[in-house]
Amino acid sequence: MDFSTHRLTTLLLLLLATVALGNAQSSQLTVDSHDITVLLNSNETFLVFANGLLDSDVEVALGTDSEDHLLLDPATFVYPAGSTRNQSVVITGLKAGNVKVVADSDDANKEIVKDVFVRVTVAKSRALIYTSIIFGWVYFVAWSVSFYPQIWSNYRRKSVEGLNFDFLALNIVGFTLYSMFNCGLYFIEDLQNEYEVRYPLGVNPVMLNDVVFSLHAMFATCITILQCFFYQRAQQRVSFIAYGILAIFAVVVVVSAGLAGGSVIHWLDFLYYCSYVKLTITIIKYVPQALMNYRRKSTSGWSIGNILLDFTGGTLSMLQMILNAHNYDDWVSIFGDPTKFGLGLFSVLFDVFFMLQHYVFYRHSRESSSSDLTTVTDVQNRTNESPPPSEVTTEKY
């Protein structure tokens, strides 16, 4: 073997050794599922395995952030070097609640076991779990459909009189920002990675149904706004107060985007600021419509179907939160961070107020405004029938 051949062989061996060492060092332990639900006094199993060959034995110690909620068997084990076997760990639910199971090891192997964690939910009843799922789907459908009674009413009347334009302006901005937040966290990997860095044991809060709902809500609101350009609207317009509020929101969004673009804050923070604007809009967006109904002493032109569906969705959403809090003994999710529950309650209270306006306060005005139940086509048909002048009705829009 000449010198050049010997040198080439040596280089190849060094390269193979480097690759093997790199693979060994990059190999980690992980689990087959990071989220598990177990019933009280029942068992569930998760598996620990290596995503490559380890170059040394790794001692793993499993711990929880709440010792009295569940039992782990085994709580400690050694994962052997070069093994591809699965290590089974049995979880026994002892007390309802949300528990995080995390792994620890010696300093040399902490990086290897960092992906060994499980979010465990100990539930009291499987029936309550299924009931919660049903509630979730029903309120998702109710909220999604709630946009269409107003669209249909506008189309049927060929008029948007009675529908407040400030409400529409706030709504389209709110749902646009909500869509940005959901799409960003669901589709953009850089934002997902940043979220994982900040909340290593957390789960992405945005799911596919959130993305679908927000985009659909934005689309339906755009349809309603387009109707305002083509149908009778009298002297209605967006108020200067609404323009001022929207200008403030625009400054917040633009400044936040500039800070994110200049790397002063992360783009994830920009999305959070957008979500805060959306929450603010949720609180105030119904006020202009309620005031308009009060000044007109009528709900004509404002679809009660929208309110009834929104009330159904909001009520079921709160019931689901209460149901889950009971099933998982997690009342802190409501009383410790009341934002979500409070916003749902606030919206439902507004729905109740609108129902009182429609069915109680301005009931006689609604009954006398029969034009809301008559389409332009009906008017044309009756005109074509050439009835006597005394039988011709006057339509109000």
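Every residue gets a Cβ built from N, Cα and C, even glycine.
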Membrane_side_equal(Phe46, Ser239) from Swiss-Prot: no
Packing count at Asn86 (N-linked glycosylation site) (other Cβ atoms within 10 Å of its Cβ): 13
Within the predicted model, mean pLDDT of the topological domain 'Cytoplasmic' (148-167): 96
Segment proximity, the transmembrane segment (264-284) to the transmembrane segment (303-323), 3 or more C-beta pairs under 8 Å: no
Other CB atoms within 10 A, centred on Asn43 (N-linked glycosylation site): 12
Among 127-147, 168-188, 211-231, 341-361, stretch most in contact with the transmembrane segment (264-284) (C-beta, under 8 angstroms): 168-188
